[in-house]
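J.: The following block contains the structure, expressed as structure tokens.
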């Protein structure tokens, strides 16, 4: 058959005797002209343009400069393409009817399709190069196309072709589209004036794009790239080569930044405060709607479109199955009636009865549906993120204005604020994500039910009602799940608390051989936690079971009903459409329970937020200037000016007269020179009790004022009252004006209208005050940042401050000097070190006024003196800064220029020391006696190895041991190190994209082999049963059609009866009803089996997860508790705790559902592909390229997703920390007037976290769009192959329906496979980390002797022989003791002394075999201790450590956790330790509560408890390791006596700090660098003048 343009069956085809335009073929030819014109002109331009473009570096900002009507044009072009496809299909189908080929029916459509594609490509290139003149070509094309199509339409109308014909409708649509595109083009000319106008408009790209830091391009790319996330490709594929870092994801676009959204939300919130009702609380819901309503509506629109398109799937399937076998031979004669202009015109419905056309429609519908769905998700997520940013900023600003009384009165705890930030904002964000579901779901359900009714009649309603009735059950399960999770959380917090205590006191536990007792206590709480986890697992599996079983139950109910009502089974087209519809229906119902739960949570969250935003704020006077709109912009900081001036001045000058060159000459009268003055003030913390009453004080400028008084008399409150933190009931605080015009006389202005403006002026210049609070507060930042605290760095000044606070030695110990991170997540510093850093911060700031609240409380004598002399007297007073110092150390009063003595919340005296000496002799004498007492202590303390050195020593130990092994924190990092060594790029990429199979196997095997076997087998069984159910349905429905085909009553082509005549089935001859009931019974049995298996599988997976979690935690705990002490020196505590908290939580709660979901979706996809392949084997050929594509997509995505997830996690932590830090340090921040800087920091942290989160969700969309398109291609190929194979009569319609229904499910589950894989990979990291700890060596607990061989009362004499002892902490390290020899007779008192680091403590650890004794031995009472089992050895000796450790519990538990001693023995021990009276006084006596870490006792008392603990154990050898360092002199003397008497007959080894404590010893050992230097009686050693011991004693006296 020859191809000819106008067909060759009609001679008149080429004649134009009736006029040119009346030849239909000519009109079609005319339609080709514009298309060809466009292709001819644009191709050269495109090639030239592209050739030059590749050489250009891609300019970042031009790329996304949109012309007006950009989105409109893309949408219209897509519609145009779709209509062209329809036209093409219509042409082809009509052409089949004709006797010869008429090319003109489909050729113009094909060319139009290509031209439309070209037009959009061309447009995109013009837009990127911003060269609008070239758009003229498109304009001409649209005009030409519009004209030619209009001619065609006009001819059709003339020839009586009307809307009942498809081709007429298509042409009309094309005319409209071309017209609209023409309009868009005219609009561009109108706006940009690029042609026909004299001055074209100059356009700048949006400012985001001028800033190269913005990498999130979603808002700026063209529509196609927006819909498919094409712009993410470089990022996701690049992640393979090198990990994604924060630099790579850049900044957020301005519209998404927290600040922008905060202002939007705040305006919406504030607008609701009306004039008539200012007190009414604005509604947060309404303000959220006003600020973020529009995008939510947009997203909902997308969602509706997607849902409606979703129903196209089942309908197309039913159509394809129905029309597969339609006979094509409907009489051609009938068809030829519809001939006009010599060609055939098809009716509008006829096209839809062609299964090939339906297959393509199905494909397009799927692609569109998925695109809309992802667009809807993306919009909600972006809005959710914006909302979260806005809420965080709102909460933060509120925190900065919270009145302190709220915090101290416990109305607003830190925990609540942290919850608001971490939980409530996220709840609201999640609610927004799920929000469109709320109104999309009912529509979806209603539509689904209507369609089902239309397909199957009443019986469908039964199935639907099954689904609807089971929804509340799911809601119930969901709420139960939430409750159980709460319980689990409580238990795991308990468990963590115990674990933390154990790890903090691990050294003590090992020395006392108590590990196992404490290990059991953890196991006990873990048991409770596991019980609630079991309930959790049960409910989770129920929820999964419901989800899997409901569609089976619904299908069962429907078809059984259908059988009873209609007496026959459904036809294949109905059955499979119904099956697909049920699958569609289940999803919204399953989600509905989740959404409702989230909605309930969101209501609660909003209520909490509202209460928080309405809570009391600090007094407004000091806040006028801090109005948020000003402070949020960093340029307007109110400290900004002073900083700017100083940078330009020479350094020395700057340090001298900082900020007040005019201050010195101005000293006319004493009274005027007041920095702060309080006149008859009464202040309260918010309850109606007055904390401070009738306060009249003044703080003289440039002088040192001291505030003294007993504990709790309101000294700190006075400082805070002056800072404006307390509520003033009456009176006021005046801050002097800037020095040049001191305005103290303002005090006499009456409270009148002028007050307001003056108030404004005054509060503006309450300059920032340097304030060091009593409870030290550190930022989570480097030491340097903590000290400079936002001021410009000035080297000399910094150095001076560090010396004044004697921080240099401490800084030298830190691993990175002053660049070491400290604070919540950094290195833990001791109290004294923290306090000194806070004081240093106050000194460093250039403020006129410095408030120091008891800066000496945690410091020992030397440091206090140094700080007083160097810091306060020299550094601050030289600067003539006004200093207010609260202190207990009365010996410093002589330095004060002005003293304020307080008592019970009011001022007792105020004046100079002289005034007080003359006027209030009593008070002065009282002070004097106190001072003498303090002085005596001072003399005693002066030369001792002070507490500070002790702190430094512990710090040094920690780091020395850590560096020694130089062990990297985490195994992951080690891997990365290895990776960096590999220059070979491909190695790295492989490493990053590999799935950690080994870890997975480790996880599964810890779950137990039986469970794994059960899980695998039940999963496989369940899926095969589900496939069998559907296959059976296909057989049943097909059998229907075959029967009727044989009776000739139906249009279906009967396949050979042999197909049904298998032995298993009744022969066709059997009566139909009988056969039907046979099918039905099998169907019911199968469904029941399926539902049961669903239940079993969902339970097995969850309980496999549980047993794995149980075993992993148990092994981890045992390994860590029995690890050698060295392990704890090297490994940071935080890291070990992380294994027990975060990682255990992931293993407990996150891995099982992920694993379940992964196996389920993978098996579903595999079974679907298997079913399709078994029906149409040709499908397998198409599967290969699809498989390859899928492999690469998942490979790239997994790597990128992991990186982005890490980024999200790592950026979230600083944000939460910043919030809790701010809440803790509120007073300090406000005193320093640093609110603006902190807000800025908060906004930056929020934005960083939001960027990471946005990228993560965009990456998820990237993946889903790609897998969904792959799914759509699978559906298309499945349909195409089955239609193609049917041409050759290969199988029944039912099976095609089956194949297509399965292909549809693939689209839903493909992306879950990848996402679960990615999640599992991230979660398996937790197993890997836990596993790495499981590899640690345990201590050798066995020993070579059996415990039964050791005498019961060993050691009874206490004789110690040390022979040639060499000790090291680790085989890698140098020995700490070298060849030590000593002999101690039974009952001797031995003193060991030496400088820090001489090996004294190591010797004490050697007695307990805690360190590696690699040469020599220690023999106690004739037994070599290395041969003993550790448990025996350690339980027979006693030791008292230098740092006291108490555990939470009762006093009895702390003294005797093994519960072996009588009460009398405990009381006796307490009496020896001087604690008896104190414990008697406590409620509960021996059962009195000890809080965590023993916080409810002072350090001295804790040390005494530790002594008592050693006395309880009546062993004949006691070792005291610097045990009296934290006890005052008097108590220590008592103790010395006690030890001498109570232990008269036992051997006591004392390791001494203060040498005078061992002067009475029988033997003194002086050590130096791990060797014994001197070894003799103390008297003999003292006679050697130049000896080491003698010099120690001299220094100590």
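Each Cβ is built from the backbone N, Cα and C atoms, and glycine gets one as well.
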J.: Taking 401-425, 476-500, 501-525, 576-600 as the choices, which stretch does TrEMBL tie to transmembrane segment?
T.: 576-600
J.: Pick from 32-51, 52-71: which range does TrEMBL record as transmembrane segment?
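T.: Feature transmembrane segment in TrEMBL: residues 32-51.
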J.: Between the candidate ranges 5-24, 165-184, where does TrEMBL place the transmembrane segment annotation?
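T.: Range annotated as transmembrane segment by TrEMBL: 165-184.
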J.: Given a Cβ distance threshold of under 8 angstroms, which distant residues of the chain, six or more beyond its ends, lie next to the transmembrane segment (105-123)?
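T.: Sequence-distant neighbours of the transmembrane segment (105-123): 5, 28-29, 31-32, 34-36, 38-39, 42-43, 45-46, 73-74, 77, 80-81, 84-85, 87-88, 91-92, 94-95, 134-135, 137-138, 141, 145, 174, 343.
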J.: When you check the transmembrane segment (1078-1101) against the transmembrane segment (995-1016), do you get at least 3 Cβ pairs under 8 Å, counting only pairs 6 or more apart in sequence?
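T.: With 3 or more qualifying Cβ pairs, these stretches touch.
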J.: Are there residues at least six beyond either end of the transmembrane segment (135-153) with Cβ under 8 Å to its Cβ atoms? List them, or say none.
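T.: Sequence-remote neighbours of the transmembrane segment (135-153) are 21, 27-28, 30-31, 33-35, 37-38, 41-42, 45, 67, 112, 115, 119, 122-123, 126, 168, 171-172, 174-175, 178-179, 181-182, 185-186, 188-189, 194-195.
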J.: Counting only residues 6+ away from its ends, which parts of the chain sit with a Cβ under 8 Å from the transmembrane segment (351-369)?
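T.: Residues 82, 85-86, 89-90, 93, 166, 305-306, 309-310, 312-313, 316-317, 319-320, 323-324, 326, 1268-1269, 1271-1273, 1275-1276, 1279-1280, 1283, 1307 contact the transmembrane segment (351-369) from elsewhere in the chain.
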J.: Taking only the residues in the domain 'ABC transporter' (1360-1594), give me the average pLDDT of this model.
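T.: Its mean pLDDT is 82.
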